[in-house]
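Per TrEMBL, the feature domain 'Histidine kinase/HSP90-like ATPase' maps to 86-249. Positions annotated as ATP binding site by TrEMBL: GLU93, ASN97, ASP141, MET146, ASN154, 161-162, 188-193, THR239, ARG390.
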Amino acid sequence: MSVRAMGVLGQACRLGRCAQVLRQSHRSAPAAFNIALGSQHSPGALSLRRYSTETKQASGTVVDKHEFQAETRQLLDIVARSLYSDHEVFVRELISNASDALEKFRYTSLSAGGENLAGKDRPLEIRITTDKPLMQLIIQDTGIGMTKEELVSNLGTIARSGSKKFLEQMKETQQGASSEASSNIIGQFGVGFYSSFIVANKVEVFTRAAVPDAPGLRWSTDGSGTYEIEEVPDVELGTRIVLHLKTDCREYADEERIKAVIKKYSNFVGSPILLNGKQANEIKPLWLLEPQSISKEQHHDFYRFISNSFDVPRFTLHYNADVPLSIHALLYFPEGKPGLFEMSRDGNTGVALYTRKVLIQSKTEHLLPKWLRFVKGVVDSEDIPLNLSRELLQNSSLIRKLSSVISTRVIRFLQERSKKQPEEYEAFYRDYGLFLKEGIVTSSDASEKEEIAKLLRFESSKSETASGRMSLEEYYNAVPAEQQNIYYLAAPNRVLAESSPYYESLKKRNELVLFCYEPYDELVLMQLGKFKRKKLVSVEKEMREESKETTTTADFGEGSLLRSELDALIPWLEEELKGQVIKVKATTRLDTHPCVITVEEMAAARHFIRTQSHQVPEQNRFALLQPELEINPKHPIIKKLNKLRESDKDLAQLIAKQLFANAMVGAGLAEDPRMLLTNMNTLLSRALEKY
């Protein structure tokens, strides 16, 4: 139950012995109104059973007068003030009622007995008139109209839906033939009419049923305690509602204000809506049309309308389904680059939710996951569970199912575009790839992560240009089946990636490596973990894992330091770099670089340095990172350092610290590279002492 609905119930309970008083009233005064929950008319309805009085006016007209009971007046006030979150939705509710009346007439005229209907050839339309001087808003339809009994039943019962009863009758009489008509009937709760009291201090309803010799009727109330029904002349077929607006709601007597509300909520109602003689709903609900019948120009106009933008859609997904849910979706992928609000996760999604062509929410939370917030469009579903005011969604399991179905279809659609329109998809990926990566990080479904991962694109060690990006699926198919890992390397650009010390050994072995240039790429791949049973492994982690297997008897090759020299150099380095490295060891994985830093999870370590390291003292920072220094015993600098630690300890210490600092920068783990300058300048001074 929604918070607002709970508030309404709370207020109902605070009416003071409401149910008890009503039961006593029914027993002691059968002539009075009583509110019967679950009455014979409609289960769950609040039925206003009446004691009517008839008075005869001077003109001879008989006025049937009905008195609301006190508790009923208070409940009407709750409906008017608490049920709807936004005052303007009363226009949507009354237009929806008018649309239902037209659909009922249209269906009845085609059914058995329809030949007896009056005025069968009249135009079926909704007419809205604003009158500023009189502070009136008039909403009229040329639909089925109401008899006196229907007036009492439909307007004298809160939460009794005439549309719902009509649908039930259709199912009983013409089960198979009623599906199209039922999809056009909007109402279901029977409270929409009472939204009039949000803005009006008096409501008049003029109606004439579309049956032969039906009299014109006027129903009116000021909401203060009574309503009247009388026969009046010159009433057109259909229903006309006259709202006498409250002073603080006079804005709804303004044409532009009503036009804006129609555009927002009821622009796609099937029947014409004439506002002061001009049609106000000219845009068609494209999502209900056959995809082949819609032109590119129509898509462009509709996209601009629903997205309030001036570009055109890059891709268009028109999707219809009956199972597992009834869904009509028309989704657009913008051509323009994402704006600042779209980049923020606090922004709303761009998909509007409709039910039977009537807007429920313009920005619907949970209909699509946050990472798809750049998608614009419309989703229309008859299966959406709504609360009483038709503003909030209920039954979260169905909403999750709807979201899952649409998200899956969007992912599959993008996969299709990447194969059928690779150049267009490449341009899309450059602009919106960040959102796809966000989807992998935020999704809790492993299978969904892998489906999104098929959309990712990276340069590789074997691609010659930036346009030759590779997908994970292409990598998977390119390497031998027995290879267990997918290797990737994070670097700011291709030049640094190819010259990285971590890439040297893999380059020698001609291994395929993906290059990740964005800072968050390696976090995304770390979150993904594996793709089609192959592990995603950073080259830094691969290097660290392989170095664990290096034994003390490893052959470092010709020209390297002797084992005895290494046994002396390594402890010396560990002492000089105490508190900064946890271990120093020799490696065979390096060729042109003197040394390299490895940590257990390089991606997480780099993320920590970028986001949180400034909050941690330096000593604690190294304790958290636990870096290992791996040296190349064949490199000239390492061999010279081994000699200097005996002949010039001060210079050897400077070189050792500089090597460590250089390795930290190369690993992307230096909090501030400017700290290198002090030690580097001292080294330069020592180098120039002899000249």
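Even glycines carry a Cβ here, placed using N, Cα and C.
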Overall pLDDT for the domain 'Histidine kinase/HSP90-like ATPase' (86-249), taken as the rounded mean: 81
Among GLU93, ASP141, which are binding-site residues, the residue with the most C-beta atoms within 10 angstroms of its C-beta: ASP141
For ASN154 (ATP binding site), the number of other Cβ atoms found within 10 Å of its own Cβ: 21
Neighbour count (Cβ, 10 Å) for PHE193 (ATP binding site): 20
